[in-house]
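*Asks:* Encoded as structure tokens, here's the structure I'll be asking about.
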Ligand code: AMP
């Protein structure tokens, strides 16, 4: 029997997102999410995507990741897609931080696990959860290849000029302080898909990718290789996000500690969870913010303006970094859906060859598409991201065909 299925796992500290794909035709067989792991009110939402079954949901305590993955396995088995099936070729894991070491997807062995563990100090929230997910999946199917696909890998091509902070080199190196970048799987997928949309090879195209979801990042991609990105040591740097501040003067942190009396942990929480759009206006959902703006809400409008101002600064910066830009691609929840954000981000940049066609921008679609007018020198694209498909593709390319 041919093995062409890949399970993609994205393990967070209290959640697991999963998709089962068939790589013979890149179709999705099932997807779902386990939330609030470790609480009384855990929830599993499972969506079968073949056979016409309806979405299923169950709530009740799921103690840990092991129990979560077992529950997922039960749901899949109920659809005839059990994880014990010989058709399952490999499991692909999203791993947030691969440091400098992991420049591409990697088959997981003990040495790889040890290196992901060694990176915990630079990714204290994410890597432990990713490790738990991997170990749980290994226990469930010890015979199966497991592949780590790193959020940072696409950005390891950044030159030192972009990757280094201008701080004392030995201190930086001792503590591995440098710019790593995140959302790499999405930036890789979207930059390639944008080249395809333009009918060109990735090597021939310079693209600015704007991944605007609840987390948000920009990247400058020259000929298929990342040369700069807006997230840094952690996903806090760069654009204004749903709950993260993005760029700020680092002295704000000293000030809040010395003058405001906040602890380091409180400042961490403030900047990561209570800032960005939610800190500015109380909402982090762009739909809600646009609704409030339409009702004349001034704090929602200010939040929107700050969000757009930062976005524009990055478009300009990456335009300068690349020298020649062929396309700007919008992706993720906001980038794919919020036409007013795309319009405002590009407004006034005609001198740079950038423009958005109002009619094309208003069209809703799940397909990659151009929204710039014919005459625009730089194409503006909307390219839905698909991180799970990218993880599955990379996993299958590495491990699937040998199994
Ligand atoms: P993501 O992290 O990529 O799932 O993006 C989530 C965010 O996308 C949400 O917080 C919303 O701000 C935004 N979003 C999702 N759907 C829409 C929509 N139809 N219009 C505007 N923003 C949206």
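Positions of Cβ are set from backbone N, Cα and C atoms, glycine also.
Below are the features listed in TrEMBL for this protein:
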BINDING   10, 387  Mg(2+) binding site
BINDING   17, 211, 212, 213, 214, 215, 285, 286, 287, 333, 334, 335, 336, 337  ATP binding site
BINDING   94  substrate binding site
ACT_SITE  151  active site, proton donor/acceptor
SITE      183  site 'Transition state stabilizer'
SITE      244  site 'Transition state stabilizer'
*Asks:* Please check the binding-site residues 10, 285, 287, 334, 387 against ligand 1 and give me the ones with CB under 6 A, sequence order.
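*Replies:* Close enough to ligand 1 are 285, 287, 334.
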*Asks:* List, in sequence order, those recorded positions among 94, 183, 334 whose Cα sits within 10 Å of the Cα of residue 151 (active site, proton donor/acceptor).
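*Replies:* Those close enough are 94, 183.
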*Asks:* Near residue 214 (ATP binding site), which residues of its chain come within a Cβ-Cβ distance under 8 Å, counting only those 6 or more away in sequence?
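*Replies:* Expected: 241, 242, 243, 284, 333.
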*Asks:* How big is the Cα-to-Cα gap, in Å, between residue 212 (ATP binding site) and residue 94 (substrate binding site)?
*Replies:* 19
*Asks:* Using Cβ-Cβ distances, find the residues under 8 Å from residue 244 (site 'Transition state stabilizer') that belong to the same chain and are at least 6 apart in sequence, listing them in sequence order.
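*Replies:* 215, 235, 236, 271, 272, 273, 275, 276 - these are the non-local Cβ neighbours of residue 244 (site 'Transition state stabilizer'), listed in sequence order.
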*Asks:* What is the number of other Cβ atoms found within 10 Å of the Cβ of residue 285 (ATP binding site)?
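*Replies:* So the number of other Cβ atoms within 10 Å of residue 285 (ATP binding site) is 14.
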*Asks:* For the C-alpha pair, I'd like the distance in angstrom between residue 183 (site 'Transition state stabilizer') and residue 10 (Mg(2+) binding site), rounded off.
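*Replies:* That comes out at 13 Å between the alpha carbons.
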*Asks:* Once near-sequence residues are set aside, which residues in the chain of residue 336 (ATP binding site), 6 or more away, have Cβ atoms under 8 Å from its Cβ?
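*Replies:* When sequence neighbours closer than 6 are ignored, residue 336 (ATP binding site) has 330, 382, 384, 385 within Cβ distance under 8 Å.
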*Asks:* Tell me the Cα distance separating residue 387 (Mg(2+) binding site) from residue 285 (ATP binding site), rounded to the nearest angstrom.
*Replies:* 21
*Asks:* Would you mind checking how many other C-beta atoms are within 10 angstroms of the C-beta on residue 212 (ATP binding site)?
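*Replies:* Residue 212 (ATP binding site): 27 neighbouring Cβ atoms within 10 Å.
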*Asks:* DSSP secondary structure for residue 17 (ATP binding site), reduced to helix/strand/coil, please.
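*Replies:* Strand, per DSSP.
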*Asks:* Helix, strand or coil for residue 214 (ATP binding site)? Use DSSP.
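*Replies:* In three-state terms, residue 214 (ATP binding site) counts as coil.
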